[in-house]
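Student: Not my notes, these are from TrEMBL:
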type	residues	note
REGION	1-28	region 'Disordered'
TRANSMEM	44-62	transmembrane segment
TRANSMEM	102-119	transmembrane segment
TRANSMEM	139-160	transmembrane segment
TRANSMEM	172-192	transmembrane segment
TRANSMEM	230-248	transmembrane segment
TRANSMEM	254-272	transmembrane segment
TRANSMEM	293-317	transmembrane segment
TRANSMEM	329-345	transmembrane segment
Amino acid sequence: MGGATHRNPPAAAMPDKKNKGTGSTTMTKVTDGATDEFEFGGSFGAASLMIGFPLLMWYMWIGATYYDGQLPIPAPDQTWTEFVCHICQLVYDGAYPTAKSWAIYWIFFFLQALMYCYMPGVSNYGRPLRHEGGKRLPYYCSAYISFYSTLAIAAVLHVTRIFPLYTLIDEFGSIMTVAILSGFLSSFIVYIQAIVRGRTHRLTGYPIYDFFMGAELNPRIGILDFKMFYEVRIPWFILFLITCSVAARQYDMYGYVSAEVAFLAAAHYLYTNACAKAEQMIITSWDMYFEKLGFMLTFWNMAGVPFTYCHCALYLATHDPSEYHWNPYALTVLSVFYLFFYWMWDSANGQKNAFRHKEKGQLVKRNTFPQVPWQAIENPKVIETSTGDSIMVDGWFAIIRKPNYVPDMFFSMSWGLITGFK
């Protein structure tokens, strides 16, 4: 595995900050763009999050599966001890990590790793790394072809009944537990190998916090960069396949796919496809350039995102279509609004990313589907900054402050609204 080396560059000092109540001043040190201040509440906060994340996922799954989508709380005649024992028993019975679920998850994982390396794609370079003397790492982006190849393989396996797609929803609890354990396992492997191989970067000396935030900036094997690999293929491909599995199960049970499930499948397709078709734009993002690959990024990409963002699909899978039926006209209006916000989201991200890549002379144009209008601005208006970078204030960014985040809010609300109002 390769990645960033730790050279301990000189620390710069930020302006003085006064301590409350004392009037004294302290200096905030900055190393390679990072301050010496802790995030997420330091070691205690990081430990709490690492314990809380999986517990929350199991709790949410229990609510969706056994409590009709409601919050699991003790019954009137149940003590808290009995309730906790009951919850643990439900996890053991319905989410035990079986050998089958381990095979499903890791066959998919290794298949995606092979596709990353061998499917057709484009190459580009990341941002210059300060601690590497301005070195720019190469990235290979093949998620778009990998996505459609994955769908083709899934379709063949489903039609031939070698692996019916609805297995994902039938075995959801077990696969989710495997994903949780795999997130921890992968985090430990990446953390330990970085220390053993001397590839650590910006360590604080607090093991729990460093494990959470990461020890290595760019762990990779050959052209396989693990941060890039985790960004799109694992979370979003799994999310879309789970939604498709709900549609497959519904068709198998009722002989049709409800409009609400079709809406959600289309919504998740648009999001996943957009991430895959513009994968090459990710390489200059904050995650790739600055964030180390620790538990935070690893766990949420391997487990958190695909197995929590799918709860709308999980609700639809566990309820009769009549329970969440939408008026066809209302659903049409929601769909029209959704397409508008998708265009806003896709084009705004296109404008932002095209601007950044043009600025660095590395824009790669691809004719991936769909090519939405107003995806790039020629000679945009900008604001120059003291760091030498510039901020685009044109296109969508001249109309609204966060045009790439407002649609995200609408998407999440729509995914919840489609489950009905029972």
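Cβ coordinates are placed from backbone N, Cα and C, and glycine is handled just like the others.
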Student: Can you tell me which recorded stretch out of 44-62, 102-119, 172-192, 329-345 has the most Cβ pairs within less than 8 Å of the transmembrane segment (139-160)?
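Tutor: Comparing 44-62, 102-119, 172-192, 329-345 against the transmembrane segment (139-160), the winner is 102-119.
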Student: Flag the pair the transmembrane segment (230-248) / the transmembrane segment (44-62) as in contact if three or more Cβ pairs fall under 8 Å (sequence separation 6 or more).
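Tutor: In this chain the transmembrane segment (230-248) does not contact the transmembrane segment (44-62) - fewer than 3 Cβ pairs sit under 8 Å.
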Student: Cβ under 8 Å to the transmembrane segment (172-192), counting only same-chain residues 6 or more beyond its ends: which ones?
Tutor: 54, 57-58, 61, 65, 91, 94-98, 100-102, 104-106, 109, 210-211, 214-216, 219, 226, 242, 293-295, 298-300, 302-304, 306-307, 314
Student: Do at least three C-beta pairs under 8 angstroms join the transmembrane segment (293-317) to the transmembrane segment (329-345), pairs 6 or more apart in sequence?
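Tutor: No, these stretches are not in contact.
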Student: Are there residues at least 6 beyond the ends of the transmembrane segment (254-272) whose Cβ is under 8 Å from a Cβ of it, and what are they?
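Tutor: Residues 147, 232, 236-237, 239-240, 243-244, 246-247, 312-313, 316, 321, 324-326, 328, 331, 334-335, 338, 342, 411, 414-415, 418-420 contact the transmembrane segment (254-272) from elsewhere in the chain.
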